[in-house]
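Presented below is the structure to which this report refers.
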Amino acid sequence: MEATAGLVAGSHNNHELVVIRGGEKSCRPIKQTNGRICKICDDDVGTSHDGELFVACNECAFPVCRPCYEYERRDGNQRCPQCKTLYRRHKGSPRVEGDDEEEEVDDLYHEFDLGRQTIETFGRDTEAQRHEHSGPLYRFPLTGRQLPLLTNGQETESVDPPPDRHALMVSTPSFSGGGKRVHPLPYSTVTSSVPVQSARSMDPSKDLSAYGYGSVAWKERLDSWREKQEKTHTSLAEGAEMADRGGDFEYGDGPDLPSMDESRQPLSRKIPLASSLVNPYRMLIIVRLIVLGFFFRYRLMNPVEDAYGLWLTSVVCEVWFAVSWILDQFPKWLPINRETYLDRLSLRYEPDEQPSGLASVDVYVSTVDPLKEPPLVTANTVLSILSVDYPVEKIACYVSDDGAAMLTFESLAETSEFARKWVPFCKKFDIEPRAPEVYFSHKIDYLKDKIQTNFVKERRAMKREYEEFKVRVNALVAKAQKVPEEGWTMPDGTPWPGNNVRDHPGMIQVFLGQSGGHGTDGNVLPRLVYVSREKRPGFHHHKKAGAMNGLVRVSAILSNAPFLLNLDCDHYINNSRAIREAMCFLMDPLLEKKVCFVQFPQRFDGIDRNDRYANHNTVFFDINLKGLDGIQGPVYVGTGCVFNRRAVYGYDPLLKPKPNKSSCYDWCCGPRKEKRNKQSALSQHVTNKKKSKKLSGQQLPMHTMQTIDEGVEGFEDDRSNLMSSFATSLAKRFGQSPVLIQSILLEDGGIPQEASPGSLLKEAIHVISCGYEDKTEWGNEIGWIYGSVTEDILTGFKMHCRGWRSIYCMPSRPAFKGSAPINLSDRLHQVLRWALGSVEIFLSRHCPLWYDYGARLKCLERLAYINTTVYPWTSLPLVAYCTLPAVCLLTGKFIIPTISNFASLWFISMFISIFATAILEMRWSGVGIDEWWRNEQFWVIGGVSAHLFAVFQGLLKVLAGIDTNFTVTSKSSEDDSFGELYQIKWTTVLVPPTTLIVINLVGIVAGISDAINNGYQSWGPLFGKLFFAFWVIVHLYPFLKGLMGRQNRTPTIVIVWSILLASIFSLLWVRIDPFLAKPKGPNLESEMEKDVRAILRDGAVSPSAASTAVSKLNLLSPN
């Protein structure tokens, strides 16, 4: 893709495609080396007489076409250019001097007719054959029968190839007959489940040297090697059997695994926590559960008669808190750690002097409003991506501008120019981190471990370049503050297509690419693409989820990497080897087919030292997600996540059928229902079309095209019809884009070689048109799922329901870092948005409480998802529970009756178990007590404010159709002074917690006053009520501190509303139960008086007698 192709804008619905800023050079097709191109003449390798891929050298499989092979044998040195092995004669090739006379087949017929056949057959290998070779999912047709290995009329044992880099003969399953394909596979792939057989039969009576296998000494070495391989396969087979029994098995280093070459060692391993840390923690959870049961038994059997309403309210709230604790606690039952081996990854996929075998990665950066998300922050994120420690040809960065802002476009153009200097500097001196703003602002010894003499000079020059870059970007920001009346225009005078944010065409600009992006050192830079999807009135664009799906389709057409990394615009790459960390899981042969994504924890810069509002969220990232990693994997948190593209497309993982056994562990960790095999599902599709309609889209596997190309037994004539119906089903799922469907069918990624950049850009504009997703499964089963403002929870939930598992990767150096809102108002609005998304999921069909119980979602994983959607509803009992202390102090009543010494043990045991569980959690997770306490405080602050509003807004949106606006959290590019920490912006979310603080303070004053008024005996019951009120105030203290601000300046409206509500509540209490002395003494009302009252009620006396009786009763009773 040409970087100078210019900005391409257009709308597929309006049939327009405009190159706004075209380049002078014409676009050239991308040269892609995929193993089927001759390394000598750049022509197609072609096929052999059997229809298989032609392989000239059976030792290293160096790609050479047939004419070059014939020329090398006839006029050259007759050896392979790569491994220098003597070429052997293939079937149909003329004999040359030195050929071995003992061939497997004596091909005299082809020998005399070869010249004409070579000219006619291989001369006709034109565009038709080339198109067939580079199709969506190229498969080699299998013809003929597999000959038995016979020597002297007897079957002989097959001999494995020597332990070098070989061309392995891999048996391929087929419905119509035998056959073999030759693939250039490295030696490290022997550990896979692919059976390895010899390429030809051997006569034991002959010397091995006749077949090119050396002497008898070689045979002894081969026997030793085979014995070692059998041990290796036995160990791996036992591990696979353990995986079948236990769910997820990930091998690691151990005494049972034989010593192997370093490149064949596992790329990662799972490290269970020490039993001395986990076992007491689990035992205490069970003890706490038992204590909880006895506690509720006492609470239910001992109601408070004179305060029945308060008692019932408190019991209901406590039961809800107990259920919430169970949902949060048990998913942390199996915490684990993980370790990666980056050196083994390099040895396996990056051999010396050979092209890198690492998989390609497409990186997505999403932004909306450049005024709330400063362009300088986005530029630093992009620069850290372009300079990542990964092969440059394997990285493509896509920036989604969902606000169609010219400011974002121009700042990205400046970023691409600065990247030509920044990226070579980072890779030359191997600096960390590679976001320039963070790197130059760190107060560290930048000379440490830097031995180059010119480092200081180049660093100073680069810092000057960055300061000039900041000046240019800030000038663009200042210019964008005032929008011209006629709208923005580009430097060449062309009107900016995105002047109308709600009505504009789709736009794509390739800033850097393989043929247009080079650094100052002359090396190629990663691809950088600007994307702004089309928006028109009357279409629902689904906010961030829709933008992410647009990036998935555009990247599938332009680069089509098998893995995707998504980042927020303010999350830069802090560890340049973070992508390699993820590849240790996604490219692991035992994990890659069942891992949907690798999630990294979120870390933040610019947080105040005390982390007043729990912005680090350490308890969630270091405890909850680490516990989920031991079950089915962590939830997707919206950023810092590397996806498997197959999982994003809605496909099921390739899982082995598990044995039909049931146990309590299986019930907790996964359903035992066996799923149908993919091949049987396809044959069912062929034989019974009615049943095929019942198959959901995600049950159609990616390797279906292989089966179609090979043919299905009994249905060879319907092959074209089957392919047509399959293509139609894919078009219904993914949309009407043949190029997109073709890229989806490429299992290993990449784009077709013959595609031109112009056609690709035109198709990319088509797939981001606003009506492309109509009547497709995008947003329902494919890509980021629609239906909630927290699309991350829904997307990860759907993947886990299909049986995928996720991985939690916590490298020693944090992989990504971002910014977080540090002032109270923005922080509460951020939590409000998250909670609103959870409420929307709870009220939708995707609620984990009832969604798809026949799926492969494990029980404890489901509990975790239930907790993520239920937690906002805890705000209702939490607000009621925080109000109870004030009510008790104002009314003189309490929610607990007078307890005995034995009953007090349950309360004491309850408090001890709560604190002991927290201490053990902090012990195995490494979370500090200050972080844990901040998390507890903000749980109460958010629960009585943002979560409460989220519940009501969610109900209004779902039941009444009243939508709420999506508020983008402001990001700051300067966070050293913490000035925003003391900023208070008026919002109604501040009213409920302020009111709770005021009424509890009023209750404390009223309770102490009442105790002083009634004497010493009233102080005993008062202490329990005061403790209850202080518990609420202490948890809300960070909110109170933030509300007061640096200069104790609180918004007037907050004070007015809080005082008004507290005054109304207090006046109601004064009216109902004022501070009056309670009369105490003997009861003066006798039985006669009761009789008189009864007579008066019956009306059996005269009026004069009745008035006399009433006056006497009034004297006896003051009430």
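In case you wondered, yes, glycine gets a Cβ from its N, Cα and C as well.
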For the feature transmembrane segment as recorded in TrEMBL, pick the matching range from 275-295, 989-1009.
989-1009
Among 84-105, 678-699, indicate the range for which TrEMBL gives the feature region 'Disordered'.
678-699
Could you check if the transmembrane segment (940-962) is in contact with the transmembrane segment (902-920), meaning 3+ Cβ pairs under 8 Å among residue pairs at least 6 apart in sequence?
no
Test of understanding: give the count of other CB atoms lying within 10 angstroms of the CB of Lys372 (UDP-alpha-D-glucose binding site).
14
Can you give me the Cα-Cα distance between Lys543 (UDP-alpha-D-glucose binding site) and Asp568 (Mn(2+) binding site) in Å, rounded to a whole number?
14
Taking the residues Ser366, Lys372, Glu373, Asp402, Lys543 listed for UDP-alpha-D-glucose, what is the greatest CA to CA distance in Å, to the nearest whole number?
16
Which ones are near Lys544 (Mn(2+) binding site): of the binding-site residues Ser366, Lys372, Glu373, which have a Cα within 10 Å?
Ser366
Would you say which of the binding-site residues Lys543, Lys544 has the most Cβ atoms within 10 Å of its own Cβ?
Lys544
Asp568 (Mn(2+) binding site) as reference: those binding-site residues from Ser366, Lys372, Asp402 with C-alpha within 10 Å of it:
Ser366
Apart from its near flanks, which chain residues at least 6 from the ends of the transmembrane segment (870-890) lie with a Cβ under 8 angstroms of it?
307, 310, 313-314, 316-318, 320-321, 324, 327, 835-836, 838-839, 842, 940, 943-944, 947-948, 950-951, 954, 992, 996, 999-1000, 1002-1004, 1006-1007, 1010, 1025-1026, 1028-1029, 1031-1032, 1065-1066, 1069, 1073
Other than its own, how many Cβ atoms are within 10 Å of the Cβ belonging to Asp568 (Mn(2+) binding site)?
24
